[in-house]
Every structure is written in C-alpha cells, then in structure tokens.
Amino acid sequence: MNFGADSTRRAGVHRARLYSAAQVRELDRRAIEELGIAGYVLMQRAAGAAFEALRMRWPQATRIVVLCGSGNNGGDGYEMACIARAAGFQVDVARVGVLPSSGDAVHAHAAWAQSGGFVSVFDANFVRDVLPQADVIVDGIFGIGLSRAVEGVAADAIAAINARAPKQGALALDLPSGLDADTGAVLGTAVRADISVSFIGRKLGLYVGSGPDHAGRRAYADLGVPSSLTEASPSLAELMCEDEIPIALPRRARSAHKGSHGHVLLIGGDVGMAGAILLAARGAHRSGAGLVSVATRPQHALALTAAHPEAMFHGLDNAAAVDELIRRADVLGLGPGLGTGVWSAGLFDRCVRAGKPLVLDADALSLLARASATRLAPGTVLTPHPGEAARLLGTDTARVQGDRIAAARALRARYPGAIVVLKGAGSIVLGEQLAICPYGNPGMGVGGMGDVLTGVICGLLAQRLDAEAATATGVLVHALAGDRAAAQDGERGLLPSDLVAQLQAVVNP
Ligand SMILES: NC(=O)C1=CN([C@@H]2O[C@H](COP(=O)(O)OP(=O)(O)OC[C@H]3O[C@@H](n4cnc5c(N)ncnc54)[C@H](O)[C@@H]3O)[C@@H](O)[C@H]2O)[C@H](O)CC1
Ligand SMILES: [K+]
C-alpha cells in the first residue's frame, strides 16, 4: 500500500496532513476532473488497498463479511468483495439500507452481481447465521458522507460489528461508520474497528475526539493521487511524527557546559502540593535543561532538595521574593501545585509581567481564567486539559471535547499569539501550525503527568527552541515517553515517575 506524500515539509521532516471531509471531497473532485482519474478507478484502488491491509493484518483469514451502505463507502465494500472473492475468499455481502442508486457505487454493486455475488439484507437472521462465520467483518456502511446521528438498521449493524467475537476482526473502510470525519465525534454510535484504512487524505476525525478509540490502527492509501495535488490543497492539521525529535534536538557541542542549556525557574507547590512542582522539575531536567530552580513554599524546600538534589529549591514567604529568581532565569514555568490563594496570585502577576518565555499550567490557568483582562505575551504556552480549557472559555468540558480543534482555536483567539496545547487523546498543539500528536495512551490519565509535561516544555524552551517548536516537541516527547513506559509494564498503574524515567532515551534518539 502506498503511503502517500500528503505531508508538509517542516524543518526537513515529513508531517502527514489531516483533512476534513469537505477537503477530501475536493481532492477527489480534482483527481477526477484535473488528473482524469475516474471515480470508479479510485473506488477500485480503495478496495484494493483495503484488501491488502486486510491480508497483512489477518494473514490467516479466508472468509469475510462485507456490510455495505447505500453510498460510495458501500461501493468500496462491493468492490472489495469482488477482489476478495477473486482471491479465493469466501465472501458474504449484506446491504445495510438500500442498494446504491447513483454514483460509482452502482458500478461496484453491478460488478459484484455480475461476478455471481449475492447481496443479503442485513437483519437478525444474517446476524445469527452468517456474521459469526466471518474471520473479518468489513465496515462499508458510512464514510465521509455521514451527515446525521446513526439510527435504525445502520445502528443495528454497528452494534453487531462491535459485538463480534474476540477472534473476529473488523476493518473500517475510510472511517469507522458513525464517526464524524472532521471532529472525531461519535454520531449516535460508531464502529470500534481493529484497523481503519483512510483513502486519498487522512481524516482529522481519526486522530481527535473519539477517533483514537474507534479507529484502531490507522492505515492510509493515497490511491495514486499525486503529492503535487495533495501538497497544493488545503488541509486542517498536521500529524506529528517521531522523526521530528532528532531534528528539533540536535547533538550537543562537545564544548557545551551547564550554562549552554538554559535555566528554568518552576514556580508552584503551595502548602501540601509539593509533589507537582517536583515532577515538573524532573521533567525539565530530563528534557535537557542545564539549570533548574524551583520557587515554592518554605516548608517544602528541604524535602524537595532531598528528593531531587539536582535542582535548586527556594522557599518563598511572599511573592515579591520571586523577582530576583525570575531575573536569573531564562524560562518560567508556573502552575504545578500553585494553588489560587494570595501567595499564588502574587506569583502569577509577577510571572505574567516578567516578559520571559512562560508556560502556564494547572492552577495558573485557573488564575488566568479569573483574571479576565490579562494580556499574555506572544509565545506564552498554555497547557490546559479539557476541563481547564472549558473554564478558560466559559463553557463546559463536553463542548470542548465535542470539537477539540474549535476549542483550541477559540483559546488562541482569546489569547492572541499564545501557543495552545489541548491535552487528551490526540493532543492538539496550535500555534502558527495546527499539529496533532498521535502518540500517548490512557495510562497517562493520571495526576502528575501534566506537571511533567510543563517541565519538559520549559526544558526545551531553555534549550532555545522557539515557543511553538518547544511545545510541539515537548508534547511529542512526553507522549512517546508515556508509550515507552506503558510498553514496559502496561497502562494501568503507570506513574508520572515511570514516564520521567523514559524521557532521557526519547530526547536522545
Ligand atoms: N470518488 C470518490 O468520491 C470516492 C469516494 N470513496 C468512498 O466514498 C465515501 C463517501 O461516499 P458518499 O456516497 O459521499 O457517502 P457515504 O457512503 O459515506 O454515506 C452513504 C450515504 O448515507 C447517507 N447518510 C448519511 N448519514 C446517514 C445516517 N446517519 N443514516 C442513514 N443514512 C445516512 C447519505 O445520504 C450518504 O450519501 C468515502 O468515505 C469513501 O469510502 C472512495 O473510497 C474513493 C473515491
Ligand atoms: K466505513
């Protein structure tokens, strides 16, 4: 399967592009009208690519069931049935809804019928008698044409796919049916696939919202649409990739010394919340900062020094004492365990006015939400999770999660020039570019992981990456370290310190 060159070259790295349904339709149209690639040929290529992906994922499979909707996604399914049968597979096809009545899918259905193929009606009998025989179920119900919440027989078909036996696989054509191609929202119900094969352009919805939960492994086939076309067409976002790290973090000069790698000042750790600022300090050190200072409550300074002697811990009785520490630092990270009381608010005001590279996280974001008139210096990094984003936007978490891209854009509109991280499955980094991180895992849904991220981003800023590069690279490094930690002993029980332990390997690829 050809992995397309639908990527953008950033600093020598190929970042795949992510598209909306409308943008892919435009690509389809231009491929057909400008390059003369017939829509039906694209459909045949889509079916061929999907069949190749099926063979690679399930090499022992000999029997498949293909569930076809009434549109061109169903057309892909009929074509795939023809190819599988010609390859010697036992193939059962059922229509979910009506047969195609227009478009290329009509030809595909005709090809299946002319090859002697039969089309069953998807119903309870089919679920009882035929579906359980399949090694793999192919989801050709809906693709980018999904336009409303799924119900009726389509919902029944999706439920049947999701109730498949553990030994059965599910391959989604273009998108898991029921998933919104643009936002990754589930419209009523959606297939949980083992693999989704996306055609011509990778759909953004596979990487954000509920996409990561439904897509399974995300494969892609360009169907022979040349990069000259995809590169010239608008896309919604870029997909971060591991290859960026050695480009963003070049080898160090042999003559380097601790002053060469910047000085981070982390501020937080209000009474009883010292752990958060300690995790941030470790994150900053493990991402390569030369010097790390921590401004915290006096009663924590001694214990923290014992826990992480590599950093310098300063106990502050009052906020004014932080001015000298800010003067000596290159980068400020504010928020982990900061609290929102008088001491905390005084530190917030001083950091926001300091005019130094600044990362605001956790309680600093709560203080920012309260300080409605605050203007942030361009390049300030905000790292909210969905709940913090909702507070900053004056909305609720469900709205943020319903369209994460829109929420990130709203945050950047509210704080012009800020670099926004919207954390969660498919973390979003919005600066000049909109980038999605496809790495990370549910084991990272543990308190403290965000504190580490704050430290990592500060550490990269201290090494003179620009705000957007430091933020994107920091999110990428953090997620990859989380995946390495999960690969060791699993996701459940994963701790921030396990992720910290993987950082050094990730930042030295
Ligand atoms: N040349 C091309 O365009 C290629 C397209 N490919 C495949 O085509 C689909 C998009 O096909 P389309 O016909 O536009 O829509 P769908 O098949 O995704 O949807 C079918 C049909 O269903 C109706 N519908 C929408 N929502 C619902 C709902 N909730 N309940 C019931 N019915 C619904 C609506 O009328 C749709 O038209 C694309 O994803 C690719 O798989 C080829 O792969 C490449 C060439
Ligand atoms: K589908």
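Keep in mind that glycine also has a Cβ here, set from the backbone N, Cα and C atoms.
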Matching residue for the AMP site, where TrEMBL names Lys423, Gly424, Ala425, Gly426, Ser427 - out of Gly394, Gly450, Gly455: Gly450
K(+) site partner of Asp139, Ser177 (as recorded in TrEMBL), chosen from Asn72, Asn73: Asn73
CB contacts for Lys423 (AMP binding site) [other CB atoms within 10 A, all chains]: 26
In three-state DSSP terms, the structure that Ser147 ((6S)-NADPHX binding site) belongs to: coil
Residues close to K(+) site centre defined by Asn73, Asp139, Ser177, Cβ within 8 Å: Leu67, Gly69, Gly74, Gly77, Gly140, Ile141, Phe142, Gly143, Ala172, Leu173, Asp174, Leu175, Pro176, Val191
Listed binding-site residues adjacent to ligand 1, that is, members of Asp139, Ser147, Asp174, Gly424 whose C-beta is under 6 A away: Ser147, Asp174
Cβ neighbour count within 10 Å of Ser147 ((6S)-NADPHX binding site): 9
In sequence order, those binding-site residues of Asn73, Asp139, His385, Gly424, Gly426, Gly450 whose CB lies under 6 Å from ligand 2: Asn73, Asp139
Secondary structure at Asn73 (K(+) binding site), reduced by DSSP to three states: helix
